Structure formats: structure tokens, C-alpha cells
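Features as listed in TrEMBL:
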type	residues	note
DOMAIN	B:84-300	domain 'ABC transmembrane type-1'
TRANSMEM	B:21-38	transmembrane segment
TRANSMEM	B:88-109	transmembrane segment
TRANSMEM	B:130-156	transmembrane segment
TRANSMEM	B:176-200	transmembrane segment
TRANSMEM	B:221-243	transmembrane segment
TRANSMEM	B:279-300	transmembrane segment
Amino acid sequence: MKIKESWGSRLFDACNAVLMVMLAAAMLYPMVFVLSASISDNAKVVSGQVLLWPKSLSLAAYERLVFNPDLWISYWNTIRYTTVHTALTLMATAAMAYPLAKNGCRDEGTCC
Amino acid sequence: MENRRRRSSGAWQAVRTLRKYRVFYLLMLPGILYYIVFKYVPMYGIIIAFQDFSVGRGIFGSKFVGIKHFIEFFHYTPDSWKLIRNTVMLNVYDLLFHFPAPIALALLFHEIRNKAFKRFVQSVSYMPHFLSTVVIAGIIVMFLSPTTGIVNFILVKLFGMEPVMFLGMPEWFRTIYIGSEIWQKVGWGTILYLAAIAGVDPTLYEAAKMDGANRFQQMRHVTFVGMIPVMIILFVLNLGQFMEVGFQKILLLYNPMNYETSDVINTFVYRRGILDADFSFATAVGLFQSVIGFVLVVIANRLARKYSETSLW
């Protein structure tokens, strides 16, 4: 037996879908814009002509970035901090979580 | 038999437990050490809030001045009341708008029928969480710029208005701050609530349908109720941060033009305490904030324990 959905339920589904599309657009747009602005010609960005898609592709910004030695030093530092931090945190918290999880149980071997 | 009776006292029992489960205690040792060394031992440093601390003289050589710094902070009026007002208002707005947002979004996510669409929207909503505060502040400044920003571009071209200098107007700051907080954190925040929703017993839904509940009534009486324990815990945790409102983002977005609403306790302490190297003052104000946060958390937990089955402790 097929249960008929009320029109209120279908209206809710439609509104929800629209809302979700708007949400996805709102989340994606700033990132897409920043990406487009980074590959566009600087003058076009400043004059506000780049809205969504890049105009007059130019990789000048990336050139300046890549040839700047400070960037690579910072990047290497970031990688070092992140790797060591993640590894140590994971080990310490996992080690600490296991006995704490067994806290409520009576015997060693079994656990609820 | 005599032995066992003699060794049943509390102290001996503790030692026996320690030895019997020594592997587990060893496992916990790194974590416990971390808390002792980095969180509890430095507490002795609070003493400098009550001294005229100077790095050269150290803690034992600095003069004890009692609550001079606390009095100085409150007598900085009218500015200190403005600071407290800004801190409290930003937190109230945060609790009013930012706290319910992931809850509502989780409920909406739960109601999406198409699995692929649901996964797509969820993944997209998680993305802003991974951008750092600096990047977000940079995006905000770029978007709101009166000359090159996209928002003003739309306002001028589509609606024919004058360009608005959003970051220079105190009345816009709270909106910008809370809006960007929601934008960044709502997607990631739904994860916890979706886990809570998934943990709701499916027979409850069936029982509700038997009793004639339609979709919205089910949402209200089964799904929402299943999220309440998580909500309470997160709310109590949030209250603990009450006075520590997001310092990083405010520091990046504020400027003397919007000090009226953007200057909070932490930014003021940053200018006075770090830039002017007035460590005692900074510690005193930090202590004041921590005490208030602590009192709020204890009160909230008391209330949670009294009126519901969930609480932090």
C-alpha cells in the first residue's frame, strides 16, 4: 500500500531542496571567487569585473608567490608542525581513551 | 586469612588496583602528564595578577599589590564597561544565532531524501571549516571593500546605492562577525548532531507513526528530542567560553573606526598586556574572565543536572 504524502510534506521537500542549493552556493561561492580572482588579471579584479569566472587568465600572482623563498620556509614549518602534532596527539589520546572507556566495566577482559 | 583482613583498608586497595591494572595506568600516563605539566602546574602563575610583575625581578622579587589591577580595569570607565558590553553582546548573539544554526541544519539534512544530493550538500558545507581564520578574515575584507568588493559592486550596479564601508561602521560589526562564524562552522557543527540523530532508536519513529504523527510531528517529538542531550552538553561547554569571544577574528577585522562594537576584553588586554608588556594587568583580566566562565559552567551544569538527565559531570 503506497502511503500518499501530504502536500505540506512535498512543499517542505521542495523548499528544503531550494534552501540546500542556496546553502551549497553560499559555501562554494567565496572559494570559487577567490580561485578565479587569483588566476585573473589584477586590473580586472580590482575594477570588480571578476564575478564568478576568471577573466584574462594570468598566472602572475602565482609566479610571485612561488619565487618568494619565505613561502617555502613557512610551508615546511607548517608540514613539520602538523605531522608531529597529529602523530603525537593521536597516540596520546588513543592511549588515554582506551582505559577510560573500560572504566565502567568490572573485569579486564570483558567490556559492555 | 589474617593477611587478607589487614590488607583490606582503603590505601592498600588503591595500591593493589594500581598494580593490578598497571598497564592501563601506564597507557594513560602521557595524557595525564600533559594535563599536569601544561594545565595544572602553570596555575601558580596566577600570582602575578596580584603583583607588579617584572620579568627581570621574577615572581619572588616582584611587589605584591593585591587587587590593584582589577580595580584599575574597572575604573577604566567608561571604556571598561564598553568592553564588557561588547564581549557580552557578541556572546549573546553567538548563542542566539550561531548555536541553533547547526541544529536546524542537521534537522534539514536529515530530511533530504536523495542520498547523493544529501552527501553533496554535506560535503560542501564542511569545506569552510578547513579554512583558517586568517584566510576567512582576508576573504571578508576583500568582499566588503567599498571600492573593489563584490558586495558593494552588487549594491552599486544592481540597486544603485552608494558603496557602504561595512568594516568601518560599528553597527555592522556584529553582523559580519556572527555571519562569518555561522558560515564557517555550521557545516562542521552538524556532524555531532547528525550522529545524535542517527543514534535515535528507529522503533520510536514507528511508535510515533502508529500514534498518527505526521512528518513534522515526528521531527519535533522524536528527532529533536533525540538531539537534546548533545545540545545540553555543547551549550554548557559553550558557556565556559563566554568571556573569551573569538579573539583571532576580531583582531583581524577590527580597526579604530569600529572599536565602538568590536573592542572586546581580549583585544584590549592584547594591546595593554602584550604590546605594552604589562603582564600583571593581562593576567588579572584573564583571571577575571576565567572565573566568570567557570561560574557560568558550574551554574549551567547544575541546572542541566536538575532538569534533564544529561550533564557534563
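Glycine is treated like the rest: Cβ placed from N, Cα and C.
Per-stretch counts of Cβ pairs under 8 Å to the transmembrane segment (B:88-109) identify B:221-243 as the leading one among B:21-38, B:130-156, B:221-243, B:279-300. Sequence-distant contacts of the transmembrane segment (B:221-243) (same chain, at least 6 residues past either end, Cβ-Cβ under 8 Å): 87, 91, 94-95, 99, 103, 106-107, 110, 192-193, 195-197, 199-200, 204-205, 208, 213, 265, 288-290, 292-294, 296-297, 300-301, 304, 308-312.
Residues of the same chain lying 6 or more positions beyond the ends of the transmembrane segment (B:21-38) include none with a Cβ under 8 Å from any Cβ of it.
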